[in-house]
Amino acid sequence: MAWIPLFLGVLAYCTGSVASYELTQPPSVSVSPGQTASITCSGDKLGDKYACWYQQKPGQSPVLVIYQDSKRPSGIPERFSGSNSGNTATLTISGTQAMDEADYYCQAWDSSTAH
């Protein structure tokens, strides 16, 4: 059985109004193709901020896959979804595919200044 490793940024720091705000992710997640992957990102009162998620494949620039907690940019498959509540934001990949193997990074910013 094949496994899809999803490597995660251990810490992510954001600029602007939440400079030095620390986000913590688990080191890695592995799932079988077709299964659901849930990748978490934790930070103090993260639910009061907007969370976004980037996917980065080797040798490529990061691609935004989720913004404002749960919105998908044009061209991002519906299998990518996001949520954010309390101290945890979650990126969910339903029905993972081999092409989803990548690094995933979370980022946060103050929702009161994001408009």
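Cβ atoms here come from the backbone N, Cα and C positions, even for glycine.
Residues annotated as signal peptide in Swiss-Prot: 1-20.
Mean pLDDT for the region 'Framework-1' (20-41) in the predicted structure: 90. Feature annotation from Swiss-Prot assigns region 'Framework-1' to 20-41; the stated evidence is similarity to another entry.
The domain 'Ig-like' annotation in Swiss-Prot covers 21-115.
If you look up Swiss-Prot, you'll see Cys41-Cys106 marked as disulfide bond. DSSP assigns Cys106 (disulfide bond) to a strand segment in the three-state reduction.
What Swiss-Prot lists as region 'Complementarity-determining-1' is 42-50, and the listing cites similarity to another entry. Within its own chain, the region 'Complementarity-determining-1' (42-50) is flanked in space by residues 18, 21-25, 67-69, 84-89, 108-111, 114, which lie at least six positions past its ends and keep a Cβ under 8 Å from the stretch.
Sequence annotations record features per position, and here Swiss-Prot assigns region 'Framework-2' to 51-67 based on similarity to another entry.
The region 'Framework-3' annotation in Swiss-Prot covers 71-106.
Positions annotated as region 'Complementarity-determining-3' by Swiss-Prot, on the basis of similarity to another entry: 107-115.
The list of residues near the region 'Framework-2' (51-67) in space but at least 6 beyond its ends in sequence, with Cβ under 8 angstroms from a Cβ of it, reads 39, 41, 73, 76, 80-82, 84, 89, 91, 100-109. For the region 'Complementarity-determining-1' (42-50), DSSP puts the residue distribution at 3 helix, 3 strand, 3 coil. According to DSSP, the domain 'Ig-like' (21-115) comprises 9 helix, 47 strand, 39 coil.
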